[in-house]
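The next block holds one structure in the form of structure tokens; read it before the comments.
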Amino acid sequence: MVKAICVVKGAVVNGTIIFSQENEGSPVYVNGTISGLSGGLHGFHIHEFGDTSNGCLSAGAHFNPFHVEHGGPNSAIRHVGDLGNITSCPSSKVANVLIQDNVISLFGDLSIIGRTLVVHENQDDLGLGGNLSKTTGNAGARVACGILAKI
């Protein structure tokens, strides 16, 4: 079993997310809470660099080692880092995160440990929209981020 923690911080958005994976090839479970979000859907992605020296901007693009188009978490073609959306309750401004993903890994050369988790301002269109959809999902500004650390 490998586990990682990510403490995400932004101007008003913050939270803690735990990643766990039983063994290489098994699903990764992602759970935690993000608070301070506006109500609705928000893009939730692993970005390529473990760098927050210039805020969330220095995290680079979505983690995409196979150089394919952006998609949703259940798409046949997607970036490794494409985790889709999290949903924030309009009244509490809290998103309870519970994701099971079969593409990301905490093992090997493609491990997401040491990379940056980014929470976006807007809904990820899962690669189904126009313009930047095939690279960013049109998810908008980066409102919080943090680097995954092994625990």
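Backbone N, Cα and C atoms are what each Cβ position is placed from, and that goes for glycine too.
Taken from Swiss-Prot, the feature Cu cation binding site covers His45, His47, His62, His120, and the record attributes it to similarity to another entry. On its own chain, His120 (Cu cation binding site) has His42, Gly43, Phe44, His45, Ala139, Gly140, Ala141, Arg142, Val143 as residues at least 6 apart in sequence with a Cβ closer than 8 Å to its own Cβ.
Take the CB of His70 (Zn(2+) binding site) and look out to 10 A: across all protein chains shown you find 28 other CB atoms. DSSP assigns His70 (Zn(2+) binding site) to coil, not to a helix or a strand. Positions annotated as Zn(2+) binding site by Swiss-Prot: His62, His70, His79, Asp82.
Around the Cβ of Cys56 (disulfide bond), 22 further Cβ atoms fall within 10 Å across all displayed protein chains. Look at Swiss-Prot and you will find Cys56-Cys145 tagged as disulfide bond.
A Cβ within 8 Å of the Cβ centre of His45, His47, His62, His120, the residues given for Cu cation, is found for these other residues of the same chain: Gly43, Phe44, Ile46, Ala59, Ala61, Phe63, Gly81, Asp82, Val118, Thr136, Ala139, Arg142.
A strand conformation is recorded for His120 (Cu cation binding site) in the three-state DSSP classification. The binding-site residues His45, His47, His62, His79 differ in how many other CB atoms lie within 10 Å of their CB, and the one with the most is His45. For His70 (Zn(2+) binding site) paired with Cys145 (disulfide bond), the C-alpha to C-alpha distance reads 19 Å.
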